[in-house]
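Novice: One structure, pasted below without further comment.
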Amino acid sequence: MCVTKASLPMLSPTGSPQEVEVGKILQGKRHGTISPESCAKLYCYYGVIMVLTVAVIALSVALSATKTEQIPVNKTYAACPQNWIGVENKCFYFSEYPSNWTFAQAFCMAQEAQLARFDNQDELNFLMRYKANFDSWIGLHRESSEHPWKWTDNTEYNNTIPIRGEERFAYLNNNGISSTRIYSLRMWICSKLNSYSLHCQTPFFPS
């Protein structure tokens, strides 16, 4: 005999088909008529219930672990500092008052940045649009009118946009890029990469 307790309650005949079947088996047991087939069915039902219970618990644990281990992948770069504007992988700062080129570069360096550099036409378009009508220093300079233009990290400018004038320090105006003397007063723009990685920056100060 597969069940030894005779005090198991009779299940309602209005229950599910599985409950009715188990009830019949138990009822038959009270009358001493449980067949080997009924006994096997009873064990089968209990086995199915146990398997489903274990599966639900395992699934809950797995989902909980997955949520805990998830790492956001949509934040490739760190946020820009307050009052800076993010564009692609860079942060830009637009000054609120004018200064000469030397002070502007020193200010940017204090923010772990450089006077602004643009690497493509889209970045230049953004700078031109956002500076409004203010002439603004950028990071282009040269030793003399006979030397090539360079950025503050000493990489050469590719001359995609011509620079007007014969002076040594460049700034943006409504006509594009022009040059003037170092002590002229202009607004300025700083730029830096906005990733978590540390990037070495060599300060440039004209002699």
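The backbone N, Cα and C atoms fix where each Cβ goes, glycine too.
Worth saying up front: this structure is predicted, and the values here are computed from it rather than measured.
Annotation comment: Swiss-Prot describes 1-41 as topological domain 'Cytoplasmic', evidence class sequence analysis. Taken from Swiss-Prot, the feature phosphoserine applies to Ser7, Ser12, supported by a large-scale study or a structure entry. Per Swiss-Prot, the feature transmembrane segment maps to 42-62; the stated evidence is sequence analysis. The disulfide bond annotation in Swiss-Prot covers Cys80-Cys91 and is backed by sequence analysis. Residues or ranges marked as domain 'C-type lectin' in Swiss-Prot: 87-202. Here Swiss-Prot flags Asn100 as N-linked glycosylation site, drawing on sequence analysis.
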Novice: Tell me, if you would, which residue among Cys80, Cys91 (disulfide-bonded residues) has the fewest other CB atoms within 10 Å in the structure shown?
Specialist: Cys80
Novice: Whole-number Å only: compute the distance from the Cα of the residue listed as 'N-linked glycosylation site' to the Cα of Cys80 (disulfide bond).
Specialist: 25
Novice: With DSSP helix as H/G/I and strand as E/B, how many residues of the domain 'C-type lectin' (87-202) fall in helix, strand and coil?
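Specialist: Tallied per class, the domain 'C-type lectin' (87-202) gives 20 helix, 37 strand, 59 coil.
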Novice: Tell me the Cβ neighbour count for the residue listed as 'N-linked glycosylation site', meaning other Cβ atoms within 10 Å of its Cβ, over all protein chains shown.
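Specialist: Excluding its own Cβ, the number within 10 Å is 17.
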